[in-house]
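Student: For 11, 12, 13, 14, 15, 16, 128, 173, the entry in TrEMBL reads ATP binding site. TrEMBL lists 32, 37, 58, 59, 60, 86, 87, 88, 89, 93, 134, 145 with the feature AMP binding site. The region 'NMP' feature in TrEMBL is assigned to 31-60.
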Ligand code: AP5
């Protein structure tokens, strides 16, 4: 099983590229943002906690996220691969995922770091806010999300680079152009996993 992390700033295309990889490889997809929005919609206790943070552009506390993800990781089997989208998002979350997988004799195989300039991120998110009405896609919250990304999330790139699994991907251009940059990286990782298990 291949564990792929799709990593990048808000609006970098994590969800969009995840969909392309699901279509091509049939991987399972887990988005912490989608999970939290579903909890908010269902008005669960977790959703109530999450709403307090998401609506202001802040991160939901690590212990809440790690507990939610532990349940997910524990129950995964019989799949070609999993795409983690929006998780981990802090170095403590990265460390937690790393040790969670190790406890299951598993590992992070690949981290795809989508690199997109800030003005493009803002343009994409404002456009999505206009079209879909997503509550955190307004200028004030976008600025906060980008600031939180720089202060709390960006350091994860060094964490995964030190582990030897980080791949930087130019995240501008059309969706298809970006997918075409990602596919050889995923194919290479699948080959390596196959060779190791033969
Ligand atoms: P989350 O839902 O993960 O949001 P995000 O990281 O802000 O990312 P987005 O969904 O906004 O962007 P994306 O990179 O997926 O880009 P997309 O493909 O959608 O998290 C939301 C909140 O939940 C967080 O702020 C936090 O509060 C909380 N949270 C989630 N996970 C957490 C965690 N682990 N720990 C703590 N808190 C957590 O694309 C964006 C737009 O651009 C779309 O409209 C798309 O159509 C368009 N687009 C994409 N690619 C292109 C392209 N190539 N050209 C033109 N347009 C494009």
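Backbone N, Cα and C define each Cβ position, glycine as well.
Could you give the neighbours, burial and distances for every feature on this list?
Tutor: Residue density at residue 16 (ATP binding site): 17 other Cβ atoms are found within 10 A of its Cβ, drawing on all protein chains shown.
All protein chains considered, the CB of residue 87 (AMP binding site) has 23 other CB atoms within 10 Å. According to its DSSP assignment, residue 87 (AMP binding site) is coil.
Same-chain neighbours of the region 'NMP' (31-60): 14-15, 18, 68-69, 85-87, 89-90, 135-136, 140-145, 147-148, 152-153, counting only residues six or more beyond its ends whose CB sits under 8 Å from a CB of the stretch.
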Student: Whole-number answer please: how many Å between the C-alpha atoms of residue 89 (AMP binding site) and residue 14 (ATP binding site)?
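Tutor: The separation of the Cα atoms works out to 13 Å.
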Student: Limited to the region 'NMP' (31-60), I'd like the whole-number average of pLDDT.
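Tutor: Summarising the region 'NMP' (31-60) by its mean pLDDT gives 96.
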Student: Which binding-site residues, if any, among 14, 32, 89, 128, 134 have a Cβ under 6 Å from ligand 1, given in order along the chain?
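Tutor: Passing the 6 Å Cβ check against ligand 1: 14, 32, 89, 128.
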Student: Of 11, 13, 15, 173, the binding-site residues given in the record, which has the fewest other CB atoms within 10 A of its CB?
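Tutor: Sparsest of the binding-site residues 11, 13, 15, 173 by Cβ contacts within 10 Å: 173.
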